[in-house]
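J.: To start, I am sharing the structure in question, which I have written as structure tokens.
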Amino acid sequence: MVLYEVAVDAPLATTLTYSQPVERVDPLPTGCCVRVPLGKRLVVGYILGVVHHQNLDEQPFTVKPIAEVLLESPLFPPALIPLYQWIARYYLYPIGKVLRTAIPLTPGSRSSQRVRAKMRSVISPGPLLLSQLSTAVDHGGDAVVDHLQRNYSITLKPAEKKTLQLFLSIFCEHEQHPIDRLLITRQYPGASPRLRRLCELGILEETDEQVIRDPFSRVMETPLRPVQLTREQKAVLETVLPTLATGNFSPFLLHGVTGCGKTEVYLQTVQHALDLGKTALILVPEIALAAQLESHFYARFGAQLAILHSGLSDGQRFDQWQAVRSGKVSVVLGARSAVFAPLENIGVIIVDEEHEPAYKQEDGLRYNARDLAVLRAKMTGCPVILGSATPSVVSYFHSMQDKYTLLTMTTRVKEQALPLVEIVDLTTTKRSRPDLAFSDELIRAVAETLHQGKQSLLFVNRRGFSPFMLCRDCGFILQCQHCHVSLTLHRKNNRLLCHYCGAGQPVHTICPVCHSPRITGMGIGSERVEEEVKQLFPEARVARLDSDTAVKRNYYLKVLQKIQAREIDILIGTQMIAKGLHFPHITLVGVIWADSGLGMPDYKSAERTFALLAQVTGRAGRGEDRGRVIVQTYQPHHYSIVLAQNQDYQAFFTSETAVRRPLGYPPFSRLVNIRFSGLREKQVEEAARQSASFLRQQHQHGQVEILGPSPSPLPKLKNHIRWQLLLKSPSSPLLHALCEALSSEKKRICPSSVTMSIDVDPENMM
DNA sequence: AGCACGCCGACT
DNA sequence: GTCGGCGTGCTC
């Protein structure tokens, strides 16, 4: 009898053994997708291989047959199995879940080949509740319960009442929009059967709603034709190209200033791989950038190109995946998850903007696609190019240690000078309008730019009007009830919003603590900057891009077109305008508060600040005229700001490593952050303490530092109390052994009401 | 993750 | 009694 090793979609550390489906003789190929019985239910699984068992009878379990073959043809090449297994071990994540993440198709459903919209389940008031909605909002759920009893003789059980009450409160918080089902079940895990009954009774209604996909898909861009290469481009290609033919792992770090022509290097390298009959994989940090590179790659490789990112519909993704799998296409361009593309015979892997935090997946399997790209290149035996204008400190350190070959490009293609960067010290500079977010220098610069008929870009890192509400009498800062973070004032709809859980409430006019009416919005968000700009330059044509305005993809595209057409003079925006976009008539970039990230309790904050400043600086002067950048800051002498002025990466690297070395932070160590979260403070704290003492007991030779446990920097999020435990060690194996021990003892240490999640190589410590 | 089972306190 | 709210254990 043939037995199969199956990775099932359940949080199990090991694979399980299943037998041949009944009434089937042909063996099933490795990589095919099946449905298997697990306990009392059926789950999706992937066949990882055939098991050769001599004495099956001595096994402590009874082998069940595979219930159904969901997809006959293998979804991934067998060569990827060692990668999956490595990931499961390294990130301490169940193997079946690793495959589910790596293969972003939904073969579980009947029609995975049809194009389908991305859906989520939402709850809204049903017919019975709808007529009573105003009563419910004004007088609470009890009034509704009474009404249902009187008019329909419906009696709700206590748990159902509780569910209804919970629904009503969330519903009101979300301004009476339909509520994501998960918002309810996350706060009240037992809600599912109650919701079902409330829906049956017609009190609530459950519908599938289409999730609006990423708004950035098709940024217009004129594809570049192969051009005369610069000397630097030639030199880089001459180093890289020979490694494509050998089939050896060769990692490169390509450090090139913005505008140095990295894209052309990528294109020619990929072309070379194709000429050798091999394939190529290109990763970009986010879809907005994928769209930009997409046009270049499409112009060059046309039908040979596949695109893989989360903005695709299931159907599109399925088609792209199969095209790659079958060898119909040889070039894959995509975001994070494209690192799992089922390519074979890879000639080169390219990771653009390798320093970007977006390569780290922050939920579920917390992998870093940049690191996996390097690993995949190693397993495959091919070159990998990590490209960036501001390499991550860790990657640059590797190049200093000769683990990576460093390639440097220092001149811009069109010989453009880098923009002139001026730093404005907000602590000492006198301001004629101290009530505004603008220094006189910035006001003057915007006015001048406006006068010249050029465009300005103003960068703010927070959306909304004011990031917090302060009582001027007692100093109280309004916080979200579910999250312990300050509420942001949004002027547009005049509400206070939590940026972590999305809950909203009306603006308070009196302080809830001391009842003072002197409660005001403090701090600067993008809405406020927009308002001030309109006040300062009433004649200017102004637009704002942040995640509040860009939810509508059409709006985003319209703004981009208007900038292109020079119908906008001043663009205000958050992170999303820092990357990629290049418009020749933007000559001025203003950074409203450059050091805002430096206060974060995170060892990477200086690195991020430097990269961000370098990035926004790159937005200025992409045309004929030399750009100008004005950086407002309260920390004008901080090295990340001073050194960003001349884009002096090497000096930054030296300063940053000098800070990290004595503290033993990466690259001088590896980190693992262990997070505990749950609804009850006591339990979470206890689980964290138990885990810490278990680890300290396991490990006594002092090679691993165990820091904590302590409440997370964001100690409460979406009603969940959060604690964390940080492990730090120069020895990856030791660190790993400890995590494995903890992981296998997880159930004994950590009650099921507390979630423990292990974040290996954390990108974000919050 | 689900799902069953079993325990315990708080009500009809 | 028995309902609802946990905690625990298992899945080839």
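Just so you know, glycine gets a Cβ as well, placed from its N, Cα and C.
Residues annotated as Zn(2+) 1 binding site in TrEMBL: A:Cys471, A:Cys474, A:Cys511, A:Cys514. As annotated by TrEMBL, Zn(2+) 2 binding site applies to A:Cys480, A:Cys483, A:Cys498, A:Cys501. According to TrEMBL, the feature domain 'Helicase ATP-binding' maps to A:243-409.
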J.: Reported as an integer number of Å, what is the Cα distance between A:Cys480 (Zn(2+) 2 binding site) and A:Cys511 (Zn(2+) 1 binding site)?
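T.: About 14 Å separates the two Cα atoms.
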J.: Whose Cβ lies within 8 Å of the mean position of the Cβ atoms of A:Cys480, A:Cys483, A:Cys498, A:Cys501, the Zn(2+) 2 site, other than those residues?
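T.: Checked against the 8 Å cutoff, the neighbours are A:Gln479, A:Gln481, A:His482, A:His484, A:Val485, A:Leu487, A:His499, A:Tyr500, A:Gly502, A:Ala503, A:Leu717, A:Lys718.
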J.: For A:Cys498 (Zn(2+) 2 binding site), what residues in its own chain, 6 or more apart in sequence, show a Cβ-Cβ distance under 8 Å?
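T.: Non-local contacts for A:Cys498 (Zn(2+) 2 binding site): A:Cys480, A:His482, A:Cys483, A:Val485, A:Leu487, A:Thr488, A:Gly504.
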J.: Per 10 Å Cβ neighbour count, which of the binding-site residues A:Cys471, A:Cys474, A:Cys480 ranks highest?
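T.: Of A:Cys471, A:Cys474, A:Cys480, the one with the most crowded Cβ is A:Cys480.
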J.: Within 10 Å of each Cβ, count the other Cβ atoms, then let me know which of the binding-site residues A:Cys483, A:Cys501, A:Cys511, A:Cys514 comes out lowest.
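T.: Lowest Cβ count within 10 Å among the binding-site residues (A:Cys483, A:Cys501, A:Cys511, A:Cys514) is A:Cys514.
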J.: Cβ within 8 Å of the Zn(2+) 1 site's Cβ centroid: which residues qualify beyond A:Cys471, A:Cys474, A:Cys511, A:Cys514?
T.: A:Arg472, A:Asp473, A:Gly475, A:Phe476, A:Pro512, A:Val513, A:His515, A:Ser516, A:Arg518, A:Ile519
J.: In which DSSP state, out of helix, strand and coil, do we find A:Cys471 (Zn(2+) 1 binding site)?
T.: strand
J.: Taking the Cα atoms as reference points, how far is A:Cys471 (Zn(2+) 1 binding site) from A:Cys501 (Zn(2+) 2 binding site) in Å?
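T.: Between the Cα atoms of A:Cys471 (Zn(2+) 1 binding site) and A:Cys501 (Zn(2+) 2 binding site), the distance comes to 23 Å.
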J.: Taking just the CA atoms, what is the gap between A:Cys474 (Zn(2+) 1 binding site) and A:Cys501 (Zn(2+) 2 binding site) in Å?
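T.: Spelling it out, the Cα of A:Cys474 (Zn(2+) 1 binding site) and the Cα of A:Cys501 (Zn(2+) 2 binding site) are 26 Å apart.
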J.: Taking only the Cα atoms, work out how far A:Cys511 (Zn(2+) 1 binding site) lies from A:Cys501 (Zn(2+) 2 binding site), in Å, as a whole number.
T.: 22
J.: Using Cα coordinates, what distance in whole Å links A:Cys514 (Zn(2+) 1 binding site) and A:Cys501 (Zn(2+) 2 binding site)?
T.: 27
